[in-house]
Amino acid sequence: MANYFKAAVKPKTSNQRLTVTVDKLDMNGVGVARWQNKPIFIAGVLPDEIVDVKVIEQKSKYARAKLISIDKQSASRVIPQCQHFGLCGGCDLQMLALEEQLLFKQQKITDLFSRSFSTQNITPEINTAHLPWQAAIKSSPWHYRRKARIGVQFDKNAQATIGFRQKSTNQLAAIKSCPVLVEPLSAIFPLLKKLLAQLTVKSAIGHIEVIQADISDTSSADKIQKDNQVVVVVRQLKPMNDTDIGLWQLYAQRHCWHVIIDDGNKQLPLADIKGGDSFELSYELTDTSKVYFSSNDFIQINHQVNNAMISQALAWLNILATDNVLDLFCGLGNFSLALAKHAKRVVGVEGMQTMVDKATQNSLVNGLDNCQFYQADLNSHWLLEPWVQGQVFDKVLLDPARAGAEQAVSQIAELKIPCVLYVSCDPATLARDSAILVSKGYKLEKISLMDMFSQTKHVETMILFTHTS
């Protein structure tokens, strides 16, 4: 049977100029006004502002417009610190005062909880308008991010653009500096651009990742460590020739970079290819535990918030020396290592065996013999796994990815673990999973924001639940 395809209909545009009053921000931090009895979305504006805009897209149920000028400013408006704000897609809220950013994120969670609890008819009911909010965990709103992926694009004249994606497009915004990256990484863009211009094979680079990490020299017997070093990971689509290897080596020596070449299958320090000192990456927790990781591993990008988050988790859970603690979605052991220093035993579970192996190694390096790590698919049924059978857990911590932990929280409820600490990077799935726990006899005791990604719409949250029995 033949298949027939219709070409995509281009959105209607009118280029009409309007003056509107902004009612609110949507979940993504985009301003919402009313026009022709439908919402019109405008980036870069704030509630109660009167703005002149140009309509750039019309649909039957909504429209989009571009900000032209602001006739009446909000008292919450501040001057963005980044010269690329509005073009670069990395930040959403630089025009909004920091405390107002936190209120916006808190309201976002409140709205999602209200929606989730009402649609699921949760019993017992909780007053989602008055959640038990605690003080937010914050860091400096600038120069906090210790890891980022930088895009690379070459034009037909082999001229490089390096930076981050523009809003709603695959095109890159050419970045000169980034004020949310930690200081050593913030100023790396001009150096990379100069280096890329000198490469003999330019099409071989996919992207570049930059990381601030502690470095241990594995070629020496005493593993000499250097703190807060710059790591540059080069994603190569083709093998790098000797000339380009030499160029990267020159820049590494000149600017104290530690360069890693990623060919898609393995990651090798440039030193292993060219000869020289090899190294390992790590970061330190407040309790001096060392977490070793590879450049392609997930780590929390805000070092200060990460340490404060771990400290708050320990305080809220009130870990006792007699406690058996379950750490789900444990990753490299970011929480497990700290928990193990206070608990009788910690069982960490992660979906990827490679992460399980690294978490196990991290516990050994830190001299912890009361940690065991296991691999399991936590999005399936795991109550019959050997690490659960015959075990009694006093407390559980879970830190899932954005998809949340719908299967996991249902099984936690079956086990009736008395105390549950949920660390979330997605408020929608957090609201869904919280509704499940409350419906199965858990009480929401505490909730706090964690401003891991200041200046952006992204929301991280910590919630403590206790079983009502």
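Backbone N, Cα and C define each Cβ position, glycine as well.
These come from Swiss-Prot:
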| type | residues | note |
| --- | --- | --- |
| ACT_SITE | Cys425 | active site, nucleophile |
| BINDING | Cys82, Cys88, Cys91, Cys178 | [4Fe-4S] cluster binding site |
| BINDING | Gln300, Phe329, Asn334, Glu350, Asp377, Asp399 | S-adenosyl-L-methionine binding site |
| DOMAIN | 11-69 | domain 'TRAM' |
The domain 'TRAM' (11-69), counted residue by residue under DSSP: helix, strand, coil: 0 helix, 34 strand, 25 coil
Per-residue Cβ crowding (10 Å cut-off), top of binding-site residues Gln300, Asn334: Asn334
The one of Glu350, Asp377, Asp399 whose CB sees the fewest other CB atoms within 10 Å, among these binding-site residues: Asp377
Site extent for S-adenosyl-L-methionine (largest Cα pair distance over Gln300, Phe329, Asn334, Glu350, Asp377, Asp399, Å): 22
Cys178 ([4Fe-4S] cluster binding site) to Gln300 (S-adenosyl-L-methionine binding site) - Cα separation in whole Å: 18
Subset of binding-site residues (Cys82, Cys88, Cys91, Phe329, Glu350) lying within 10 A of the residue listed as 'active site, nucleophile', CA to CA, in sequence order: none
Minimum Cα separation from Cys88 ([4Fe-4S] cluster binding site), reported as the residue among binding-site residues Gln300, Phe329, Asp377, Asp399 that achieves it: Gln300
Other residues, Cβ within 8 Å of Cys82, Cys88, Cys91, Cys178 Cβ centroid ([4Fe-4S] cluster site): His84, Phe85, Gly90, Gln94, Phe164, Ile175, Pro179, Val180, Gln455
Segment-level pLDDT (mean, integer) for the domain 'TRAM' (11-69): 93
Other C-beta atoms that fall within 10 angstroms of the C-beta of the residue listed as 'active site, nucleophile': 19
Distance [Cα-Cα, Å, rounded] between Glu350 (S-adenosyl-L-methionine binding site) and Cys91 ([4Fe-4S] cluster binding site): 31
Candidates Cys88, Cys91: member of the binding-site residues with the richest Cβ shell (10 Å): Cys91
